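**Q** Encoded as structure tokens, here's the structure I'll be asking about.
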Amino acid sequence: MVEPGQDLLLAALSESGISPNDLFDVDGGDAGLATPTPPSVQQSVPLSALELGLETEAAVPVKQEPEPMSTPALLNVRQPPSTTTFVLNQINQLPTLGSTIVMTKTPPATTNRQTITLTKFIQTTANTRPSVSAPAVRNAMPAAPSKDQVQLKDLLKNNSLNELMKLKPPANIAQPVATAATDVSNGAVKKESSNKEVARIWINDMKMRSFSPTMKVPVVKEEDEPEEEDEEEMGHAETYAEYMPIKLKIGLRHPDAVVETSSLSSVTPPDVWYKTSISEETIDNGWLSALQLEAVTYAAQQHETFLPNGDRAGFLIGDGAGVGKGRTIAGIIYENYLLSRKRALWFSVSNDLKYDAERDLRDIGAKNILVHSLNKFKYGKISSKHNGSVKKGVIFATYSSLIGESQSGGKYKTRLKQLLHWCGDDFDGVIVFDECHKAKNLCPVGSSKPTKTGLAVLELQNKLPKARVVYASATGASEPRNMAYMNRLGIWGEGTPFREFSDFIQAVERRGVGAMEIVAMDMKLRGMYIARQLSFTGVTFKIEEVLLSQSYVKMYNKAVKLWVIARERFQQAADLIDAEQRMKKSMWGQFWSAHQRFFKYLCIASKVKRVVQLAREEIKNGKCVVIGLQSTGEARTLEALEEGGGELNDFVSTAKGVLQSLIEKHFPAPDRKKLYSLLGIDLTAPSNNSSPRDSPCKENKIKKRKGEEITREAKKARKVGGLTGSSSDDSGSESVSDNDESDYESSKNMSSGDDDDFNPFRDESSEDNEDDPWLIRKDHKKSKDKKKKKSIDPDSIQSALLASGLGSKRPSFSSAPVISPASNSAPANSNSNSNSSLVTSQDAVERAQQMKKDLLDKLEKLAEDLPPNTLDELIDELGGPENVAEMTGRKGRVVSNDDGSISYESRSELDVPVEILNITEKQRFMDGDKNIAIISEAASSGISLQADRRAKNQRRRVHMTLELPWSADRAIQQFGRTHRSNQVTAPEYVFLISELAGEQRFASIVAKRLEGLGALTHGDRRATESRDLSRFNFDNKYGRNALEIVMKSIVNLDSPMVSPPPDYPGEFFKDVRQGLIGVGLINVEDRSGILTLDKDYNNIGKFLNRILGMEVHQQNALFQYFADTLTAVVQNAKKSGRYDMGILDLGSGDEKVRKSDVKKFLTPGYSTSGHVELYTISVERGMSWEEATKIWAELTGPDDGFYLSLQIRNNKKTAILVKEVNPKKKLFLIYRPNTGKQLKLEIYADLKKKYKKVVSDDALVHWLDQYNSSADTCTHAYWRGNCKKASLGLVCEIGLRCRTYYVLCGSVLSVWTKVEGVLASVSGTNVKMQIVRLRTEDGQRIVGLIIPANCVSPLVNLLSTSDQSQQLAVQQKQLWQQHHPQSITNLSNL
């Protein structure tokens, strides 16, 4: 029975998502060691845990009422608290622990407030270490309850929650009685944390914790107790499995080895009942391989079913690069064409891929299907005469062209209307969304709106409900947000567990890594998803470290200093001229975008010499080279060309250009004289014709929006106009411009909420070569969105300024030509006012002008050392354009002529138009005319450069990357250019990495992924070291959490979790603080000088980009500090049992996995009724004496063999078997009798402290004893004689040799909400959904959800008594059979 008032607290906590049952789990390290008799310890936990705004400095001892059984011992407390300690704990379980809740009223010296403490009693161990002498104080006499003690229920009745929180403690709390626990030599007592530490630990805990259903009892750790970390499930041995179609036996084998993730391979797809119409010739000649035919068949089969809302079901192809998605799609279109569905739509990311689409259709024997480009049609009916009367075939379009619109009006003035008319209302043909993850975000993050492209894709599907939709994306089901417009998969919506897409996203993202695996498996199970990847067997890679020369480091550090000065000047100038908020936002957006690109260019430039060297060597060895770049730096070249009047005297420094362009265009200092002379205005002449209405304009004439010259702007717009769509400069790792047609509207809509570095097209002025999208691409519809301008006399100067976006109606800089409402009613200023304002603003502007000039002068000095454009330098060093095939988005290049002069030339050739230049260059490379190819990321999507059996050039490809993306998925996508099906030889990959921040780490993460896919490293130099480096990927919640701790510790908001790098010369925190101020991640308050963190301070991407702007030794030390903190965060999470390991692997190591029971349940589904199975699995992980002696017999090292612990506990010793695995570092592998092979390696020095070497006979008794008892006795009971958890009737599995798991498999998605309901009701809302992969002894693979033991019976009841769902499933099955009479024979085994 809940006492009155308790419901207040419970409600408050449940709102915070905290389960009262689990509020204060005590970690093993936190409990003090107590007296030899089993006492109960009182522990108070600080209120800051509840994030209720109060702070505390120590735990508070509380008097307790006498108990019949045990004697209390108090926890050691060093100092009285400064604030209320208020602990809510296990209200409904307290009586079972024999505890009493008391409130002490202490006579206060300075205050009349009450002290409230709610405590929890914890029983601790009965055994002290033998080395500790018996304590002098055996027991502290418990005080009888005094008059001052008040029961909690009375307290809760009389106070509101708010009042309880305000109560202050008295100043004079007595020191607690000392016990053996105060003996520091014990090593088990944790030091009191400071209030900041406690707050941090609790806040992080709340973020990460998974609440367990049962009360956790503390494990008291002794100093020398061997750590038995239960990490057995961490083995991720086999991630990928060989793939062959299971249910379909037609077609020839695929030319290359293909793999599938092992979780997907554990699921079998549905039976095939659909018969394809594709000709025997196509199949027998292998034009479509067996696995491509399988995808075509399943897609066609899925298209025969309808979702509950009446739409036709869609199919998702998740094949990776090189498996032949193009041919599979062509096969689906061909299949439907043969069935008289002769119209199809194919959307992709680049117009160049149209040629690939034509090739794929031709290759499978569908020569008669024509492919038309949407952008080549005029607006109007596609089937009309002026569009060539196109009645059938495939219309190929890019996503961005979907939102195209004609200014001339008419019935079909948008591309979408054209397509809808061409298809017709009853359209049941194929719509393919290729690379659909690139179609801009429909499900935006934060405050931004969905993009027009995303909405158009959705509208197209909604308007054509009978269309056969195919989604194709290599990252299809790995990123749930990318699935926003895959509404035809039937995962969310009517008749599914998730009503809306947002419900699905919440459920999946809340459940972590494994949830998407469950979704993918469920989709494969239902026949709507297929995902294979090319095996990387045969591929080799090496990591080539490029050492930075002293002169390079010097130059880099100079550049860093210049950027720090630039940041200060930009800030000062903006303050001087009182820049408007919107202008500042735009300015900083541009500043950080330029900052990121500048340092990326410097990083790449450091590797050019080495690349050239390696490339020449490989060519000599008879191989050919592909060099991958992210960006081309074209915009910089064009600017330099214009400044030199079309003449160049040297290669252009891209890095210099970035900073120069930033200062010239975006420094807040208008060049007034130039502007007015250009407009023909005499500043000194008084304006005669200005009416009172216009007088405010006088002072404003002087102001303009940004310091650009209007004519130069217009001139440049004309000049650069043709380059708008090019992917030239900003295909950087976070750029939005993935598409060949940059979708300005969409990009402006994207994440408008904040100025992060990643979107160069965000702010009012666009990037680089698109100086102003409005000037280049006049888009009349956009002007409708702008606020209505106040009518202005067209002859006035102001209107000229406004028209060119340079005027403003306010005496401050406006970043956009929008007039604020305030200016409409502004009173006319008097002349004197106007003049004085003119003088001060002129003075400020002149000072800003001077700053701008100084910055440009400093840049010129530095420019002598800055490296030239990487791409031009590479081409020049490797023999010029005649030897190098360039596949990038740029239109021209800088070349050195025979006479040594430098000139700019267009890339286009006489007989080759610019549009197909890249395809021509690719052909030259594939034909062997050129043996070196340089590709930029944007231009290369979909281009195949492998050593194809059909190509003339069959030399082995060596693919070099100068810039690794820090996401392994993106890297694998890049490598898909040279590693594809039907190749003679697999490529070699070379990662060039410098010693700049974290490049080594990126490389090792990518290397680890490649190894998982079957690639080999050159030599074994990396075998041990880099595995440690890549052990934890950092773009996850632990990475963000570690970064938060790092940043807070640097500004003293938090105490550091790890010590700074020992080899750092100087004061680490002080230097790094200055460095981070310089890159804008720490802000300094103007007046107070207080340091504050940037609002995105825990954004990993931003952090990694920004720290490149710190001096070399600083950024490396900071990255090392971050990596160390991350390791500590992960270790802590593991120790507290809250580490989200993603997917657990059982049975891939030495464990023996057996199925002991299985229960099946029918579940409803829209196409077929599915079923779920609940397996009872027993896992045996120990090592018998026979197995141990077998390993022992093979050991050769001097220190290998059996060891016994020096310490005796409960009259027992620990026996272990030790094997040396790394002689250089003296690392040893340990085997234990109860838990088998340990994942954690031990250093020899640590081993010697705890163990001594013995002969095998001495170890035998101890080994057998622990092996036999661990079958059913946990570690605590074995070493201490009792286990507190077991004594409370709870299950304890720590150290058990045999464990039991309950795993729910099958169509889990259809019962997801039921499972969540049961888990939440038993275990609280934040229970972690743990996915497990099992491989049983008989070779069966099982992947599913672990169900906690205490949730099994309610779940079984729910699933089995759900008669309604079973009946519904049977009805659906019958209905389905009526729709598909031809398939009844095939359904008997469904």
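Including glycine, each Cβ sits where the backbone N, Cα and C put it.
Feature table excerpt (Swiss-Prot):
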COILED    840-867  coiled coil
COMPBIAS  695-714  compositional bias 'Basic and acidic residues'
COMPBIAS  726-736  compositional bias 'Low complexity'
COMPBIAS  778-790  compositional bias 'Basic residues'
COMPBIAS  814-837  compositional bias 'Low complexity'
MOD_RES   Ser146  phosphoserine
MOD_RES   Lys147  N6-acetyllysine
MOD_RES   Ser160  phosphoserine
MOD_RES   Ser212  phosphoserine
MOD_RES   Lys411  N6-acetyllysine
MOD_RES   Ser690  phosphoserine
MOD_RES   Ser695  phosphoserine
MOD_RES   Ser751  phosphoserine
MOD_RES   Ser752  phosphoserine
MOD_RES   Ser765  phosphoserine
MOD_RES   Ser791  phosphoserine
MOD_RES   Ser1383  phosphoserine
REGION    21-43  region 'Disordered'
REGION    685-846  region 'Disordered'
REGION    872-891  region 'Disordered'
**Q** Grab the same-chain neighbours of the coiled coil (840-867) for me: Cβ-Cβ under 8 Å, and only residues 6 or more beyond its ends, written as numbers and ranges.
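**A** For the coiled coil (840-867), the list is 551, 555, 558-559, 562, 565-566, 569, 572-573, 576-578, 601-602, 605-606, 608, 653, 655-656, 659-660, 663-664, 667-672, 699, 702-703, 707, 811, 873.
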**Q** Within 10 Å of the Cβ of Lys411 (N6-acetyllysine), how many other Cβ atoms are there?
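**A** So the Cβ neighbour count for Lys411 (N6-acetyllysine) comes to 10.
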**Q** Within the coiled coil (840-867) only, compute the mean pLDDT.
**A** 85
**Q** DSSP secondary structure for Lys411 (N6-acetyllysine), reduced to helix/strand/coil, please.
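**A** Where Lys411 (N6-acetyllysine) sits, the three-state DSSP reduction gives coil.
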**Q** When DSSP states are grouped into helix, strand and coil, how many residues of the region 'Disordered' (872-891) land in each?
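**A** The breakdown for the region 'Disordered' (872-891) reads 6 helix, 4 strand, 10 coil.
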